[in-house]
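K.L.:
Quick one: this structure, given as structure tokens, is what I'll be asking you about.
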Amino acid sequence: MKLSPGKKAPDEVNVLIEIPLGSNIKYEYDEEEEVVKVDRILYTSMVYPFNYGFIPGTLEEDGDPLDVLVISNYPLLPGTAIEVRPIGILYMRDEEGEDAKIIAVPKDKVDPTFSNIKDIIDLPQAIKDKINHFFEHYKELEPGKWVKISGWGGVSEAKTRINEAIKRANSK
């Protein structure tokens with residue numbers, strides 16, 4: 001993939017959208033074939049509360065790129081890229097290990113709606129509750145799968161995680 005993490009990373013990063021807001025289909029980008037594929041349809045009667053994707057040119061310890069939930073009022077097509085500002089991180093584990101999610105908003109030039117959101121503490125509690133609820137329950141009906149949320153981190157923790165994931169990818 002030619003898309004980089006972003007020229008201003010970690011302050012502004014590129015996110016490749018895999019799953020649009022409102023979707024109950026889990027899409028995943030297949031790096032070898034360079035296409036977005038259907039991974040599965042969610043077993044629960046839930047939909048993704050916001051757009052979901054990853055930062056290209058990053059690598060987590062589990063071998064996957066760093067996941068991002070993009071807070072937005074509009075669904076974005078799978079396979080599109082958007083420039084975002086990280087505002088925090090959701091710490092969680094699933095059946096495969098640690099699986100943190102960066103929480104981000106579109107950069108102001110893309111969508112000024114969230115220009116006043118600079119850190120996770122600025123995000124309304126109702127939005128954080130919606131995110132928590134989704135990730136706590138979206139795998140419940142899938143055999144052998146589970147999720148445990150351990151808390152939130154602020155913008156500085158998110159940026160540190162992004163820098164670590166970029167360094168890990170570059171040293172690979």
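Placed from the backbone N, Cα and C atoms, the Cβ positions cover glycine too.
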K.L.:
Taking Asp30, Asp99 as the options, which does Swiss-Prot list with Asp62, Asp67 at the Mg(2+) 1 site?
P.N.:
Asp99
K.L.:
Return the residue out of Tyr91, Tyr138 that Swiss-Prot annotates for the same substrate site as Lys26, Arg40, Tyr52.
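P.N.:
When Swiss-Prot describes the substrate site, the candidate it includes is Tyr138.
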K.L.:
Can you name the binding-site residues among Lys26, Arg40, Tyr52, Tyr138 whose CA is within 10 A of the CA of Asp67 (Mg(2+) 1 binding site)?
P.N.:
Tyr52
K.L.:
Rounded to an integer, what is the Cα-Cα distance in Å between Tyr52 (substrate binding site) and Asp99 (Mg(2+) 1 binding site)?
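P.N.:
The separation of the Cα atoms works out to 14 Å.
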K.L.:
Just to be sure I understand the packing, how many Cβ atoms besides its own are within 10 Å of the Cβ of Asp99 (Mg(2+) 1 binding site)?
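P.N.:
Excluding its own Cβ, Asp99 (Mg(2+) 1 binding site) sees 18 Cβ atoms within 10 Å.
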K.L.:
Most Cβ neighbours within 10 Å: which of the binding-site residues Asp62, Asp67 is it?
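P.N.:
Highest number of other Cβ atoms within 10 Å: Asp67.
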K.L.:
Any idea what the Cα distance is from Asp62 (Mg(2+) 1 binding site) over to Lys26 (substrate binding site), rounded to a whole Å?
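P.N.:
That separation, Cα to Cα, works out to 19 Å.
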